[in-house]
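If you look up TrEMBL, you'll see 24-202 marked as domain '3-hydroxyacyl-CoA dehydrogenase NAD binding'. Annotation source TrEMBL lists NAD(+) binding site at GLY29, GLY30, GLY31, LEU32, MET33, GLY34, ASP52, GLU116, LYS121, SER137, ASN161, LYS293. What TrEMBL records for SER68, LYS75, SER137 is CoA binding site. Residues or ranges marked as site 'Important for catalytic activity' by TrEMBL: HIS158. The domain '3-hydroxyacyl-CoA dehydrogenase C-terminal' annotation in TrEMBL covers 204-301.
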Amino acid sequence: MANLCKSFVRSFATSAQRANAFNHVTVIGGGLMGSGIAQVAASTGHTVSLVDQDNTILGKSMNGIHKSLERVAKKKFENPAAGEAFVKDTMGRISTATSPITCVSHTDLVIEAIVENLETKKKLFRELEAVAPDNTSSIPITDIAVAAKRKDRFGGLHFFNPVPMMKLLEVIRIPATSDATFDKLLAFGKDMEKVTVSCKDTPGFIVNRLLVPYMLEAVRMVERGDASIQDVDTAMKLGAGYPMGPFELSDYVGLDTMKFILDGWSKNYPDNPLFKPSSLLDKMVAQGKLGRKSGEGFYPYKK
């Protein structure tokens, strides 16, 4: 499952000397997604500021990035010295901060990967615009667009987890997004060495819009007693060629994440039967059975 990231574009100034669409990138949120974005941005030549609430979180983030880069280096370089240089150079392009406001004046692009709370996100972007009145916002959900003044420069970057491994980047535009904004975000995705696809601001964009209803229909099959969890997974792996069955994938994604997405879609689109809540999913989340991260979901896991 992918997580949603919003971006705040500072300017569209270009130079013949620039190799990337943006030189300096600020990533707000040091969790798994934010750290992954920071790692890939730094490894593709961008200077990166990673922002979170306190230095303890940032320390863990930087340690995780370092370990991830070491794994990448082992696969990418036969010469150990070259791998060490790659890790050192990449880490040297990442700095940390506890206030996003301090980074706005000297950054080209801000990517937000904080908690999925609409009001929290709106507040953040209002604060960023308040200290950088000439800047623009680029975020993928139309509801959040009300937090910024220039909607022609809104857009979305939808990364996939784990960011260093997943090659896809969905680039989203709302009706007000200008071609200049959209082209700039596409260029940034290619600079990050991602394969970019474009989509309008539809629920879930491309991947999640297809994937979440698929996983929920599998849950409903079990609720109806049509088939067992194991048989559904086996059927989709051997019959459809999927690497994971829908229940294995649900446990990997997190049942709480699935519920969060479904609840939001159901609220906004109550007449769409694909977004109907699942009593089984609600029950499991209430019981703390969230999947791999909790040790139990549709399957048990060793912690």
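Note: Cβ is positioned from N, Cα and C throughout, glycine not excepted.
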Next on the checklist: Can you tell me which of the recorded positions SER68, LYS75, HIS158 is spatially closest to MET33 (NAD(+) binding site)? Compare CA atoms only.
Outcome noted: HIS158
Checklist entry - How long is the line from the C-alpha of GLY29 (NAD(+) binding site) to the C-alpha of HIS158 (site 'Important for catalytic activity'), rounded to the nearest angstrom? => result 15
Next on the checklist: Looking only at the domain '3-hydroxyacyl-CoA dehydrogenase C-terminal' (204-301), how are its residues distributed among DSSP helix, strand and coil?
Outcome noted: 65 helix, 3 strand, 30 coil
Next on the checklist: Cβ atoms within 10 Å, counted per site: which of GLY29, GLY31 has the most, among these binding-site residues?
Outcome noted: GLY29
Checklist entry - At the Cα level, what's the spacing in Å between ASN161 (NAD(+) binding site) and SER68 (CoA binding site), rounded? => result 13
Item to check | Neighbouring C-beta atoms (10 Å sphere around the C-beta of HIS158 (site 'Important for catalytic activity')) | outcome: 23
Checklist entry - Counting only residues 6+ apart in the same chain, whose Cβ is under 8 Å from the Cβ of SER68 (CoA binding site)? => result SER35, GLY36, GLN39, PRO164
Checklist entry - How many other Cβ atoms sit within 10 Å of the Cβ of ASP52 (NAD(+) binding site)? => result 24
Checklist entry - Quick one: Cα separation, GLY31 (NAD(+) binding site) versus LYS75 (CoA binding site), in Å? => result 24
Checklist entry - So what pLDDT does the domain '3-hydroxyacyl-CoA dehydrogenase NAD binding' (24-202) average out to? => result 84
